[in-house]
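Starting off with a structure, shown below.
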Amino acid sequence: MEGTNNVVLLDFWASSFGMRLRIALALKGIQYEGREENLFDKSPLLLEMNSVHKKIPVLIHNGKPICESLIILEYIDQVWHDKYPLLPSHPYDRSQARFWADYIDKKIYSTGRRVWSGKGEDQEEAKKELIEIFKTLEGELGDKTYFGGDENLGFMDVALVPFTSWFYSYETCANFSIEAECPKLVAWAKRCMQIESVSNSLPHPHKIYAYVLELKNKFGLA
């Protein structure tokens with residue numbers, strides 16, 4: 001196994017994509033150095049380590065950068081595979097976990113941004129789209145405790161649960177209740193938050209909302 005003592009995470013506290021990696025590293029008991037980035041004044045290290053996209057998160061393992069959160073998540077799972085495996089062992093089950101993680105990436109961030117930053121008809125449309133996305137995910141969850149099964153968090157759980165820290169902001173900005181629309185999804189989120197590696201890795205929803213208000217003011221969206 002490669003050494004675990006040279007792990008650096010370039011991150012930003014409010015990033016759902018960074019939260020994924022904090023959770024995975026915590027679940028696997030990996031010690032690392034977290035470096036907080038200023039997204040409006042990016043460090044030379046970030047620009048060097050992710051010269052293509054210039055975005056967080058970036059995992060630097062023994063001096064080598066890995067970019068894009070789902071790719072990093074899979075890398076973490078493969079390198080430190082002996083503790084708390086996230087991806088299933090069966091190829092079909094793996095493909096499904098990757099499919100749903102990709103669905104989450106393609107749908108929630110962009111739609112959620114329209115919910116908290118939008119106004120009028122576009123916000124209403126985005127709100128409906130977000131509810132449909134969450135209902136689709138509820139259908140995939142079914143009666144399982146977690147998306148990964150009844151015992152442990154899986155790849156999809158770790159990919160999705162960070163967005164729950166933004167639920168309060170979505171609801172407050174667009175005046176609706178996710179729990180009223182998707183009770184099973186919110187119940188799942190509460191179960192996840194009972195796991196220390198999750199609760200310690202996610203900021204308080206009110207802190208996220210304060211950040212959202214800052215962004216709205218900064219970009220004239222208030």
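Heads up, the Cβ atoms here are built off N, Cα and C, so glycines get one too.
The domain 'GST N-terminal' annotation in TrEMBL covers 5-84. Among the features that TrEMBL reports, domain 'GST C-terminal' is placed at 90-219.
Could you tell me the structural context for the features on the list?
For the domain 'GST N-terminal' (5-84), the DSSP-based tally of helix, strand and coil residues reads 29 helix, 17 strand, 34 coil.
In terms of DSSP secondary structure, the domain 'GST C-terminal' (90-219) contains 102 helix, 2 strand, 26 coil.
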